[in-house]
Amino acid sequence: MGCCTSCLAKGDDDNLYRRLLADNERDAISALLEYLENRGEVDFFSDGPLKALSTLVYSDNIDLQRSAALAFAEITEKEVRPVSRDVLEPLLILLQSSDQEVQRAACAALGNLAVNDENKVLIVDMGGLSPLIRQMMCPNIEVQCNAVGCITNLATQDKNKTKIAKSGALIPLTKLAKSPDLRVQRNATGALLNMTHSYENRKELVDAGSVPVLVQLLSSPDPDIQYYCTTALSNIAVDEANRKKLSTTEPKLVSQLVQLMDSPSPRVQCQATLALRNLASDALYQLEIVRAGGLPNLVTLLKSQHEPLVLAAVACIRNISIHPMNEALIIEAGFLEPLVDLVDYTDNPEIQCHAVSSLRNLAASSERNRQALVEAGAVKKCKDMVLTSQESVQSEISACFAILALADDLKDKLLEMGIIDVLIPLTKSPNPEVCGNSAAALANLCSRIDDYSIILKSYAGISDFISSFLDSGNSTFEHIALWTVLQLLESDNAEIKSRIKNDINSGKISLNDLTADDLNGSDEISNLIQQILELIK
């Protein structure tokens, strides 16, 4: 191995050079050469080889230190496993050398060992951060690259992240993210990304001035750097305070992310879309993404064959659709058909949930939008699949039904479509949200309709739901049941009124032992009971 034999190969000065070496150093060189010749059979982290390497490390001879550092770098490239303090200590000594060749090789060796999770923790515990931070600021590009690469590896370990954030590493990392060397940029932006996985570390990152650099690097031609920066910004945008700061300091952020949704790199597309999704947690960003031309890219991504892209896009449009001013624009942009197609995307319930939630948002405030949903087949598809869906999907669909059932213009249509046939079974779900949403939808469908024929056909199931909800001990469920009873009693249908009265008089629908303290109380349940009692006199 050249890195070690260089200690001995000194040409005409060889004999003089040998005389300058201490006996233990000569012995160490000889032993190390022998170990290297039989490297396939040698454990370099065991006593003999490690002692030989350490002897060279602690030598005052810079050539021997270089040989030791280079040997460590080569050995750790091929053998990465948990190591002891005895292995790391000489490397940390080398890291403090003023010789750039020693620095370069020592950082490389430490970075190799930092691939292992146990080593990551031990390196930081032994004080490895301070010398690595110093080496990051070395003028030598190779040293910078290896030092930052090691920090990047260390930052993937959760136990290290807070320590790195508070070590002073973020400012030099941010500076190196603008390095003219692509490798240094990649390592630095990768390290910054690794620091964005907790609220505390994101705050440290923002305070260190990293955000403008990350935004600036979105226009990098390198897809790896784009990916690291979009992902880091996506994580930063999770926090409300950060979103507010971004809205005032980074006016070009949304337009840059919208452009990256059209990137040739799927993972950049995905992270840019997720960043927009997180930003769209705020109303101002919901509008800005639309103004920046984000809808055409999103509708294209909804039709992608790449599932992570579909998930990112549908999650983003779900947030954007919350704003009432976006509803008509979203429908006009052609989102209804792909959203309806995703309702039965059974391979990924999360995609289904976001699709249904988006449709619910679009239907919330416009008769025109609700009619468009019905015509696009959204309600029928939801009805046909809800009983066999996962609970998370059932929760979203039942919430959508509850919203739709509020609309007087749609109630007759929903009843004709047979939606009541799925709502009644859903009121028996073990999931409280599904139960509550479905019962609320039923209650809404019983209110202010002209034709109660379908309600009468399903009366037995409705009566059972009312009875079970009143017996639940859950004040929310009791309230829904009582409100349903009140709507039926206030209808103009004599048969409905008669059946409800009979169920109350027979005790099937019991108004006793509810959560109201007394019938004269001022709470909503007591008020509902009083109104019901007046109507059945």
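From the backbone N, Cα and C atoms, a Cβ is placed for every residue, glycine too.
According to TrEMBL, the features are:
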REPEAT    86-128  repeat 'ARM'
REPEAT    127-169  repeat 'ARM'
REPEAT    168-210  repeat 'ARM'
REPEAT    209-246  repeat 'ARM'
REPEAT    252-294  repeat 'ARM'
REPEAT    293-335  repeat 'ARM'
REPEAT    334-377  repeat 'ARM'
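Residues 3, 45, 50, 53-54, 57-58, 62, 65-66, 68-70, 72-73, 75-77, 80, 135, 138, 140, 142-143, 146-147, 149-150, 153-154, 156-157, 159-160, 163-164 of the same chain, all 6+ positions outside the repeat 'ARM' (86-128), place their C-beta atoms under 8 angstroms from a C-beta of that stretch.
Here the repeat 'ARM' (334-377) returns a mean pLDDT of 93 for the predicted model. Within the repeat 'ARM' (86-128), the DSSP-based counts of helix, strand and coil residues read 33 helix, 0 strand, 10 coil. Across the range of the repeat 'ARM' (209-246), the DSSP-based residue counts are 31 helix, 0 strand, 7 coil. According to DSSP, the secondary structure content of the repeat 'ARM' (252-294) in residues is 32 helix, 0 strand, 11 coil.
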